[in-house]
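Engineer: Sharing a structure with you now.
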Amino acid sequence: VIGGDECNINEHRFLALVYANGSLCGGTLINQEWVLTARHCDRGNMRIYLGMHNLKVLNKDALRRFPKEKYFCLNTRNDTIWDKDIMLIRLNRPVRNSAHIAPLSLPSNPPSVGSVCRIMGWGTITSPNATLPDVPHCANINILDYAVCQAAYKGLAATTLCAGILEGGKDTCKGDSGGPLICNGQFQGILSVGGNPCAQPRKPGIYTKVFDYTDWIQSIISGNTDATCPP
């Protein structure tokens, strides 16, 4: 996260660190057994850490889990990287709520343009040269009009959100992918992609719109693994 500060240790109990083949992503615990992240974070040797804050000094309740099952949406459009960038992971063992671990529920309404949203992650705090922090950084950004992202990026999928600061300076960045966008306390987005370098004016982040996938997510969690994704 660019332009943010160290997150409060108590504000990200649902935040997962997804580490796979040397690449870093975020994720969100949505109940005791399931984590949501971005599809493009899917690599081999995936490990999922919960209850983390300082990567050098582990919390006593920090846990490591592995994916037992992974669910994706099959693409219906031409395969742009922004389309259906969502992955639902079943953990190999459930986790219990503890001092630094608790799930974040799915949204009951979609966000509106102008909403203030929290971003967070262990991604780089400088760009284009990367500086990876030991602690997650957090910042506040806004849901922007979709036209801003359409002007900045070609081939956007309809099931995405556009969020950032119009004049730049605050943004998610490399290593934050898959992490949550939390607007008015609701889990609304999964970081998909953004500008390179990060935090440039009029180059906001693209987030998978969680609200559009709630039926799919709930179907899979309840055992209907043939559930279809939104178009």
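Residue 1 is the first one shown; counting continues down the chain.
Using N, Cα and C of the backbone, Cβ positions are placed for all residues, glycine too.
A quick note: this is a predicted structure, and the numbers were derived from the prediction, not measured.
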Engineer: Per Swiss-Prot, which of Cys73, Cys117, Cys138, Cys229 is disulfide-bonded to Cys183?
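Structural biologist: If we follow Swiss-Prot, the cysteine bonded to Cys183 turns out to be Cys117.
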Engineer: Of the residues Cys138, Cys162, which one does Swiss-Prot pair with Cys149 through a disulfide?
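Structural biologist: Disulfide partner per Swiss-Prot record: Cys162.
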Engineer: Looking only at C-alpha atoms, tell me how far His40 (active site, charge relay system) is from Asp85 (active site, charge relay system), rounded to the nearest Å.
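Structural biologist: That separation, Cα to Cα, works out to 7 Å.
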Engineer: Quick one: of Asp85, Asn129, Cys162, Cys183, Cys198, which recorded positions lie within 10 angstroms of Cys73 (disulfide bond), measuring between C-alpha atoms? Sequence order, please.
Structural biologist: Asp85
Engineer: Distance between Cys162 (disulfide bond) and Cys41 (disulfide bond) at the Cα atoms, whole Å?
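Structural biologist: If we compare the Cα positions of Cys162 (disulfide bond) and Cys41 (disulfide bond), the gap is 20 Å.
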Engineer: Whole-number answer please: how many Å between the C-alpha atoms of Asn21 (N-linked glycosylation site) and Asn129 (N-linked glycosylation site)?
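Structural biologist: Given the Cα positions, Asn21 (N-linked glycosylation site) is 21 Å from Asn129 (N-linked glycosylation site).
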Engineer: Looking only at Cys25, Cys73, Cys117, Cys173, Cys183, the disulfide-bonded residues on record, which one has the least crowded Cβ, with the fewest other Cβ atoms within 10 Å?
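Structural biologist: Checked Cys25, Cys73, Cys117, Cys173, Cys183; of these disulfide-bonded residues, fewest Cβ neighbours within 10 Å: Cys73.
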